[in-house]
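A.B. asks: Found this in TrEMBL, in case it helps:
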TRANSMEM  B:12-33  transmembrane segment
TRANSMEM  B:66-86  transmembrane segment
TRANSMEM  B:106-126  transmembrane segment
TRANSMEM  B:132-149  transmembrane segment
TRANSMEM  B:180-200  transmembrane segment
TRANSMEM  B:220-242  transmembrane segment
TRANSMEM  B:254-273  transmembrane segment
Amino acid sequence: MLLEVNDLHVSYGAIRALKGIFCQVGEGEIVALIGANGAGKTTTLRTISGLIRPQSGTITYKGQPITKMPPHQIVSLGICQVPEGRRVFTRMTVLENLEMGAYTRKDKANVKADIEKVFQRFPRLAERKSQLAGTLSGGEQQMLAMGRALMSRPTVLLMDEPSMGLAPMLVQEIFSIIKEINQAGTTILLVEQNAHMALSIANRAYVLETGEIVLSGPARDLANNPEVQKAYLGE
Amino acid sequence: MDSIFSMFLNDYYIQVLTMLGIYLIGALGLNLITGVTGQLSFGHAAFLSIGAYTSAILSLKLHTPFGLAILAGGLMAGLWGVLLGYPTLRLTGDYLGIATLGFGEIVRVVFLNMTITGGALGLAGIPRNTTLTVVLLVVILSVWAMVRLENSRFGRSLVAIREDEIAAEAMGVNITTAKITAFAIGTFLAGISGGLYAHLIQYLNPSDFGFLKSFEFLTFIVLGGLGSIPGVILGTSVLTLAPEFLRFISDYRMLVYGLLMVFMMIVRPRGLLGGVQLRRLFAKKNVQQTGTSASGGAN
């Protein structure tokens, strides 16, 4: 397995956010973590990318433990996060945001070519490349956040709530882009409240409830699971 | 070159301009910490005093050459910047502000109670080596270095930290190292500024480097526009020269000065040249400048 999370425990003070999470992501997969608010989805992602220190448990990437690594090292290993709420650098231009995405890279010549690739994938960003990121619409900011993460040439892309605050039409568009990114060879771990969309593109999924994995399996099976349908798909 | 200056300017103006240059060096340092990296510091004057006392003591006791004494003052301030930065830069916003405020007071009280600094009597008889030429050279060098830095990969990472610390970290910026480095460079400039000040005024007293002085530096860069080098130059110039030019209304000048600041913050809350960068000034005109509307969404 490319990425393996074993028995991960995380607490915020007295509050136990994760109570022993196990999950695995294989090369080339799209894996979704779904669950309600406060289930621990974002915490799981942030712990993987090193932004949060776990109490116990291990995270291994390509067989190498990364549990105690600082975030900047984890990025240079090829794990990059598209954070919740986009978090673009509002007073930098679109182009500067993309350049920041390539921060850990040394191969300057290829960075230019990769920026062009991002602009091909997101033509709307190309039109706005000298505009300040804070003036973009929510959907454009999400595209920028994704483009920025792609600039690090990640092996694994961690995506936190890409559909948050977006119009349904845009959600469709964003998810088809996620699928394209995956088909181009990037492994994706996706955290999403919109379980319906997440299950429609994922290979496998895990269902989180109050810090624990309660269900897991192929996305298609989960989408047909009556419990999941009742709790998360509103059917 | 000093003789050329004195052909055009009388001693009073030379003194005022020299002070302006000295403040400018310190303000550029604070701008890197607060304006570019977004780390609030209320203790900048403490680093000026560290540089001032270090260089003055070296000049007085060891007869160290002027340039070397100034450099040593800068390095000492930078060293204390790192020592303070390491534990406190994990704090953000107001908390960091209070920690730096506390540090500033500690430094002042320590200098007040040390024998080598002359305590409350102050340190007198420092040789007057600072000239307008020297200060001008250091200002040019500092501005050049700051512009270079702002446009470097490292400078970009500092702006990213200001814009969104978590996103910067997620992009692979080692934020602890970056912040401490920014703090070290900023406090180094403060130390240089302090050293030049000591060798101009020839007398040091801990009370000259209290909270008010730190606050003054903050107003320089806030008025000019946080993170903008032309803004720092303009803000510092306006606020250093205004009290001089307002002398004719003697008793009311600080009142006018205060009103000026309130008015400025209402009219241009991001500073006189807020968001203006040298690079963008000279860049192609299709770069869009946005006003205050873009400053939202810091989340």
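Cβ coordinates are placed from backbone N, Cα and C, and glycine is handled just like the others.
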A.B. asks: Sequence gap of 6 or more, Cβ distance under 8 Å, 3 or more pairs: do the transmembrane segment (B:220-242) and the transmembrane segment (B:254-273) meet that?
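C.D. replies: In contact, yes.
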A.B. asks: Find the member of B:12-33, B:66-86, B:106-126 that has more C-beta pairs under 8 Å to the transmembrane segment (B:180-200) than any other listed stretch.
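C.D. replies: So the stretch in question is B:66-86.
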A.B. asks: Please give the sequence-distant neighbours of the transmembrane segment (B:12-33): residues at least 6 beyond its ends with Cβ less than 8 Å from one of its Cβ atoms.
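C.D. replies: Contacts with the transmembrane segment (B:12-33): 5-6, 39, 41, 44, 47-48, 130-132, 135-136, 138-139, 142-143, 146, 149, 158, 182-183, 185-190, 192-194, 196-197, 200, 217-218, 220-221, 226-227, 229, 232-233, 235-237, 240-241, 244.
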